[in-house]
Amino acid sequence: MQASRPTATSRIRRASARRVIRLGVRRRFRTFSWSSEPLSSVLLHFDDEAAAAAKLAAACGCAIRPIERHRFPDGELRLRLPERLPRVVVLFRGLAYPNEKLVELMLAADTARALGAEQVVLVAPYMAYMRQDIAFRVGEAVSQRIIGRYLANLFDAVITVDPHLHRVETLGEAIPVTDALALSAAPLLGDFVAGRRRAPLLMGPDSESAQWVASAAAAHGFDHAVCSKVRHGDRNVEIALPEMAVAGRSVVIVDDVASTGHTVAVATQLLLAAGAASVDLAVTHALFAEGALALVREAGVSEVWSTDAIAHPTNAVSVAPLIAEALLPLMAR
Ligand code: R5P
C-alpha cells in the first residue's frame, strides 16, 4: 500500500511530538544534573571565609554552599542554611576571634540536623580557647575543657590544625568527640623552610613549641632547640635562649601561634644579639593582633611565613590538602 503524503496538519502534529520528546529528554537531563542530584555530603561556610572554604572543597572535590547570615540592629544573628541537607554536613569555620563564631556554630549545627544531617563535622583550621588548659589561679575558668565540651555536644567530628595542646596529649581529651583530629602543619612548614634557607637552625620560643619544632625539623634533619619562656602578662614575656651556639646561623623560629608578637619579638632580639645571621618566622596560625606584625619586623625578623589556617598576608603554605586528606574518609562514611 502506498504511504499517504503528509498533510499540513499531520506535519504540525509530528513536529510538536518531536518538541515534546526533546523537552522530555531535557527535563530528564535536568533531573540528573549536578545542581539537583542528591548529594551525600556538603561543605557549608560563612561569607567571610568563602575563599578558604572553596580551596578546601576543591581539594576534596565536594559540593559547597554558603550559609546566609543576617545581623539584626541589636547584634543578634539570623542564619539560613540550604533547604535540604545530605547525611554528612561539614561546617567550615575557623575560630580566630571566636566568641560570636561559637554562637554561629550552635545555630548552624542544630539547624543542619533539623534539615536532615546525620553527621555534622566541624572543620576549624584554627581552634580557639585551647591555651587555658588549667586554672592558673583559683577561680579561673578552664576554657579548653568548657569550650571542648560545648563543641562535642554540637558535632560528631572535629578537625583542626596544630591546636595548642600542652598539658593534654590528644585533642579528644579537650574535645570529647569520637573523631577529634589534630593535624599538624609543622612538616609542611619544615618543607617550606627547606626551600628557602640552607641548613637552618629551627628554634622554638618556649617548651610548648618543642613538638612543632621537632616535627618541622624531622624530614630534613635540621638542627633544632627550644628556648624557655615565662609569661608575665599578655604583652610581657621573659625568654632565655638554650645553651647552644647560634652565631652565624640562619635561625627560623617555629611556633603554633603568633598573637601579640611579643614571644617572637623577644626571642628574635636575643638571637640577633647572640650573633644569629638572620631570624625568620614560620608559624601555623598568623593570629597577629593589631600591631603584632610591625613589632615582629621591628625586632629584626626578616621573613614571616604562615599557613593559611588563618587568612593573612603572610600566608605561604596551604593546609587545604592536609585537611582534605583527613576529611575525605569522614565524608565517605
Ligand atoms: C604559647 O605558648 C604559644 O605557643 C605562643 O608562643 C603564644 O601564643 C604567642 O603569643 P604572643 O604572640 O602573644 O606572644
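Every residue, even glycine, has its Cβ placed from backbone N, Cα and C.
Just so you know, TrEMBL annotations are computer predictions that nobody has curated.
Taken straight from TrEMBL:
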DOMAIN    45-151  domain 'Ribose-phosphate pyrophosphokinase N-terminal'
DOMAIN    200-300  domain 'Phosphoribosyltransferase'
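Summarised as a single figure, the pLDDT of the domain 'Ribose-phosphate pyrophosphokinase N-terminal' (45-151) averages 97. Helix, strand and coil counts from DSSP across the domain 'Phosphoribosyltransferase' (200-300) read 32 helix, 37 strand, 32 coil.
As a summary of secondary structure, the domain 'Ribose-phosphate pyrophosphokinase N-terminal' (45-151) carries 39 helix, 24 strand, 44 coil according to DSSP.
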